[in-house]
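K.L.:
Okay, here's the structure, questions in a sec.
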Amino acid sequence: MVLSRLLRAGEGKLLKRLRRIAAHINELEDDVLALSDAELRAKTDEFKRRHTDGESLDELLPEAFAVAREGARRTLGQRHFDVQLMGGAALHLGQIAEMKTGEGKTLTCVLPAYLNAIAGRGVHVVTVNDYLAKRDADWMGRVHRFLGLEVGAIMADMTPEQRRHAYAADITYGTNNEFGFDYLRDNMAWSLADCVQRGHFFSIVDEVDSILIDEARTPLIISGPADQSSRWYQEFARLAPMLKKDQHYEVDERKRTVGVTEDGVTIIEDQLGIENLYEAANTPLVGYLNNALKAKELYKRDKDYIVRNGEVVIVDEFTGRILHGRRYNEGMHQAIEAKEGVEIKAENQTLATITLQNYFRLYEKLAGMTGTAETEAAEFNGTYKLGVVPIPTNRPMARADQPDLVYKSEVAKFEAVAEDIEEKHRKGQPVLVGTTSVERSEYLAKLLVKKGVPHNVLNAKYHQSEAAIIAEAGRKGAVTVATNMAGRGTDIVLGGNVDHLADAELRKRGLDPVDNREEYEAQWPAVVEKIKEQVEAEAEEVRELGGLYVLGTERHESRRIDNQLRGRSGRQGDPGESRFYLSLGDELMRRFNAAMVETVMTRLKVPDDVPIEHKMVTRAIRSAQTQVEQQNMEIRKNVLKYDEVMNQQRSVIYDERRRVLEGEDLQEQVRHMIRDVVTEYVNAATADGYAEDWDFEKLWSALKTLYPVSVSWEALVDSDEDLSKERLLEEVLADAEAAYAKREAEVDGKVGPGAMRELERRVVLSVLDRKWREHLYEMDYLKEGIGLRAMAQRDPLVEYRREGFDMFHAMLDALKEESVGFLFNVQVEAAEPEPAPEQPSVPVSVSRSAEPTPDLQAAAEAAAAQSQVRRAKPTSAGPALSQLPGSTTQAPSALRGKGLDAPEKQRLNYSGPTEQGGVQTTSESAGEQGNGTSTRRERRAAARAEAKKNKRR
C-alpha cells in the first residue's frame with residue numbers, strides 16, 4: 001500500500017502536463033481542418049524532414065497528434081477526445097495509460113504510433129491475439145495509410161518473406177508471441193537475408209496487464225524433437241490410478257503441485273521392481289510419476305482439454321478457446337495422452353528461449369494500454385520501469401456494481417443465474433454472462449434453452465463468430481454467454497457496434513479495407529451513417545432499460561479479470577449493472593476458506609437456493625484473490641531471476657552471432673582462439689613437475705588432432721637449452737600460427753582470395769549454434785534439479801547462477817577448441833555446385849554428418865573435461881566440410897565440401913503463453929515458416945502476391 005502511494009506521488013503533475021499537451025493540440029485544430037487531403041498527407045513528409053534536421057519527436061508531438069486526429073476523423077469518422085490525446089501523450093512518454101473499457105484505447109494508439117513512425121525505425125503494436133492484430137492493422141491502418149505510412153501485420157501462418165515485408169513497414173501489428181518467436185528465429189538464422197526483424201525501437205502493448213503480467217510466467221521456447229521413449233508415460237499412466245489421494249500422494253491445488261508420500265513411493269518401487277526411486281539413476285522416473293499424478297488430479301477432460309480425433313487438444317482456461325496444435329511442456333502433454341490412451345507424441349529439446357520480460361526490455365522505449373493496471377503498478381515499475389497513469393474517463397461512470405450472491409451449491413447458483421437472465425431478457429435488457437469453462441457455458445446454455453431464452457454462446461467451439469457476436473451483444477434483448485475473456489478487444493456498444501456492423505456490411509458486398517481500399521473508403525461514410533441512425537435509436541431504448549447487465553458466474557483468481565468482465569458494461573457514461581453469482585463449490589472458494597463459510601451457512605440452516613450476502617464472504621474472496629495474485633507475482637519474479645542468468649549468456653551468444661552474420665572479419669578472433677586452445681593444451685600437460693615428468697607423447701597426440709604439427713618434441717627436449725614451460729608454449733604457438741598461415745594460403749589458393757575468411761565465418765557460426773543448443777539442454781537439466789539444493793541449506797538461485805556461469809565458460813572453451821579443429825582439418829574444394837532450384841545460394845555450406853568422425857568424437861570428449869587433454873589418434877584426413885554441424889544452406893562454386901547434401905528441415909515447436917497465462921505449444925511441419933526458410937518457388941509466389949496487392953493499392 002505504501003509503495004503504491006509512493007509510485008503515484010507524481011501522478012497529479014503528470015496529468016496536468018498531459019492536459020496542457022491536449023490543450024495545445026486543440027489550439028492547432030482549426031489550422032489542420034483547413035488542409036486538403038493532399039496537404040494533410042504531405043505533413044508526414046514534412047515531419048520526417050524536420051526530425052532528420054534535428055527536431056525531436058517531443059517537439060513534433062502537438063502538430064503530429066493534431067494531424068493524426070484529423071486523419072482519423074476523415075477516414076473513420078471518429079475524432080479523438082481530449083482524454084484520448086492525454087492517453088496518447090502518456091504512451092509516447094513511455095508510460096502505461098490506464099483507460100477504462102470503451103474509452104477508445106485502439107483509437108488512442110494511433111497517435112503515438114504515427115508520431116514515432118516518423119523516426120523511420122519501426123513501431124511495434126502488440127495485441128493479445130491474431131484476430132485483433134489483423135483487425136487493428138486493417139482498421140487503424142486506414143488512418144496511417146491515408147497519412148502516407150505503411151502498415152504491416154504479423155500473422156502466425158506467414159512466410160519469412162511476408163514477415164520481412166511486414167517488419168519493413170512503418171508500423172507493425174502482431175501478438176507478443178509472434179514478435180518474440182521472430183526474435184528467437186532471427187538468432188537461429190544462417191544469414192542476414194534470413195532475418196526478418198529490424199531492431200527494437202518503440203513498442204505499444206495493448207492489454208498490457210494481460211501480456212506483461214499474466215503471460216509473463218511462461219517463457220517463449222522454440223524446441224525440436226528429442227529422443228524419448230513413450231514407454232514410461234504409459235507405465236506411469238497405468239500406475240497412477242493405483243495411488244489414492246491424501247494416502248499415497250498430496251495435491252496442492254493453489255500451487256498446482258503434487259507430492260508423493262512414503263507409502264506412495266513404496267508402491268511405485270514395488271511395481272517397478274526398484275530399490276530406491278530417488279537414487280541418481282532413477283531421477284527421470286520421478287518426473288514421469290509427478291506428471292502422471294498431475295494429469296490425473298489437475299488436468300480435467302472437457303475443462304482443461306478435450307479429446308478430438310484421437311488427439312488431446314488444450315482448451316484455454318481463461319478464454320475457453322480450443323488451442324489447436326498447442327501442447328503442454330515438460331512432458332505434461334505426453335502424460336495426458338497416456339492417461340487418455342491416445343498416441344503419445346515425442347518430447348522436445350529447447351533450441352532457443354526468452355521470457356517476455358526480457359524480450360520487451362530489448363525495446364528502447366516501451367508503453368502500454370489497459371483498463372486495469374493500477375493493482376499491478378508496483379510490478380510494472382519494478383520489472384519494466386513503467387509508470388501507470390490513470391486517464392480520466394470522457395464521461396462519468398454510471399454502472400451499478402451489485403454485491404456478490406453466494407449459494408451453497410453450484411446447481412442452485414446456476415438455477416438462480418438462469419432465472420435472473422430470463423427476467424432481464426423479458427424486459428429487453430441485454431445480458432452478458434461470463435463463465436469460466438466451456439463445460440459451464442454449455443450447462444448454462446441448456447438451462448436457457450429449457451426456459452426458452454434465445455442466446456448466443458461464445459466459447460471454444462463457436463469462436464469463429466466471436467467478433468460478430470460481441471459486436472451485437474449490446475442490442476435490445478441480446479443474451480450472450482461467453483467464457484471469461486472471449487471477445488476482449490471488441491467494444492460492446494449499446495444498440496450494436498457501428499464500426500463492426502458497417503465493416504460486416506461492406507465485406508458482404510465483397511469489399512476489403514486493404515484489397516479494395518478505394519471502393520471501401522468511398523462507400524464507408526454512407527454505410528456508417530445509415531447504420532448509425534438505426535443503432536442510436538435502439539441504444540436509447542436500451543439505456544432506458546438500464547444498459548448492459550454483466551453477470552459473472554464465478555470469481556476469477558485475479559481481481560483484474562473480474563474488473564475486465566465488469567468493465568464491459570457502462571462504457572462512455574452509459575448506464576449499466578454487474579453482479580457475480582458464487583457457490584461454495586467454485587474453485588476459488590474451495591481453495592480458500594470455503595469450509596468456514598459452509599459451516600456458517602449450515603449452522604444458520606440456510607437452504608441451498610437462498611443466497612447470502614455478508615462482509616465476511618466478501619473479505620474471504622478478496623483475501624483469496626490477493627493470495628493468488630501474490631503467488632503468481634512470486635512465480636513471475638522467480639522466472640525472471642532465473643532467466644536473468646540465461647539473459648546475460650544469451651546476449652553474449654546472440655551479439656557474437658550477429659557480428660558473424662554481418663560479416664565481421666574473424667581473422668584476429670580465430671588467432672586468439674588458436675592461442676587459447678594451444679595454451680590450454682600445453683598448460684594441462686605441464687601442470688606438474690619438470691620437463692622429465694611431462695607426457696610429451698600424449699600432448700603431441702592431442703596437438704596433431706588439432707593441427708598438422710611440424711615441430712618435434714624430441715628436438716625440443718634434446719636441444720642444448722633447458723626446456724621450460726614458457727619456451728615449450730612459445731615454440732608450439734609459433735608452430736600453430738605458421739600452420740594456420742599455411743592453411744590459409746592452401747584454402748585461398750584452391751578456392752580463391754578471401755575463402756578462408758568465409759570458412760572462418762561458417763565454421764564459427766556452425767559450432768556456436770551447436771554448442772549453444774547443447775548448453776541450453778544442460779541448463780534445462782540443471783534448473784530441473786536445482787530446487788533440491790534447498791534441502792542442503794543452499795540458495796537454489798545462487799547455486800544456479802554459479803554453476804550456470806561455470807557451464808557457460810566451459811561451453812565457450814569447447815567452442816574455441818572445436819572451431820580451431822574444424823578450421824585446420826575440414827576438407828574444401830573449388831567446384832561448380834549442382835543446380836539446386838529449390839535452395840538459395842550462399843557462400844559456404846555446413847551440414848551435420850550422420851556419424852561423427854573420430855576427430856569429432858575426440859573434440860567432444862575434450863570439451864567435456866577442460867582439465868585433461870583427451871584426444872583420439874588422428875586420421876589421415878580431417879572431416880569433410882559436409883561433416884560440420886548445423887548447416888542450412890547450399891554451397892556455391894567458390895567453396896564446397898565433399899559429399900554435401902541439402903539438409904532436412906527440422907520440425908520445430910513453439911511454446912509460449914496463452915492470452916491469460918496458460919501454456920500453449922504450436923507444432924509446425926518441417927519446412928514451414930517457423931524454421932526461417934522457404935523454397936524459391938514459395939518466395940516467388942509470395943512476391944507475386946505482394947506485387948498484386950501493392951498494385952491494387
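Glycine is treated like the rest: Cβ placed from N, Cα and C.
Keep in mind it's a predicted model, so treat the numbers as computed, not measured.
Taken from Swiss-Prot, the feature ATP binding site covers GLN84, GLY102, GLU103, GLY104, LYS105, THR106, ASP491, and the record attributes it to sequence analysis. Under the heading compositional bias 'Low complexity', Swiss-Prot lists 841-865. According to Swiss-Prot, the feature compositional bias 'Basic and acidic residues' maps to 898-907, 940-953. Look at Swiss-Prot and you will find 908-934 tagged as compositional bias 'Polar residues'. Residues or ranges marked as region 'Disordered' by Swiss-Prot: 832-953.
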K.L.:
Measure the Cβ-based neighbour count of THR106 (ATP binding site), defined as the other Cβ atoms within 10 Å of its Cβ.
P.N.:
19
K.L.:
Show which residues of the chain containing GLY104 (ATP binding site), separated from it by at least 6 in sequence, have their CB under 8 Å from its CB.
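P.N.:
Counting only residues 6 or more apart in sequence, the Cβ neighbours of GLY104 (ATP binding site) under 8 Å are GLN78, HIS80, PHE81, GLN84.
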K.L.:
Please list residues from the chain of ASP491 (ATP binding site) whose Cβ is under 8 angstroms from its Cβ, counting only those at least six apart in sequence.
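P.N.:
Counting only residues 6 or more apart in sequence, the Cβ neighbours of ASP491 (ATP binding site) under 8 Å are THR101, GLY102, ASN497, ARG571.
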K.L.:
Pairwise over GLN84, GLY102, GLU103, GLY104, LYS105, THR106, ASP491, annotated as binding ATP, what's the top Cα to Cα distance to the nearest Å?
P.N.:
16
K.L.:
Reduce the DSSP letter at LYS105 (ATP binding site) to three states and note it down.
P.N.:
helix
K.L.:
Sort out the sequence-distant neighbours of GLU103 (ATP binding site) for me: same chain, 6+ apart, CB within less than 8 Å of its CB, listed by position.
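P.N.:
Within the chain, GLU103 (ATP binding site) has Cβ neighbours under 8 Å at VAL83, GLN84, GLY87, GLY371, ILE391, THR393, ASN394, ARG571, GLN572.
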K.L.:
Within 8 Å of the Cβ centre of GLN84, GLY102, GLU103, GLY104, LYS105, THR106, ASP491, which other residues of the chain have their Cβ, at the recorded ATP site?
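P.N.:
Apart from the listed residues, the neighbours are MET99, THR101, LEU107, THR108.
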K.L.:
Just checking, which of GLN84, GLY102, LYS105 (binding-site residues) has the fewest C-beta atoms within 10 Å of its C-beta?
P.N.:
GLY102
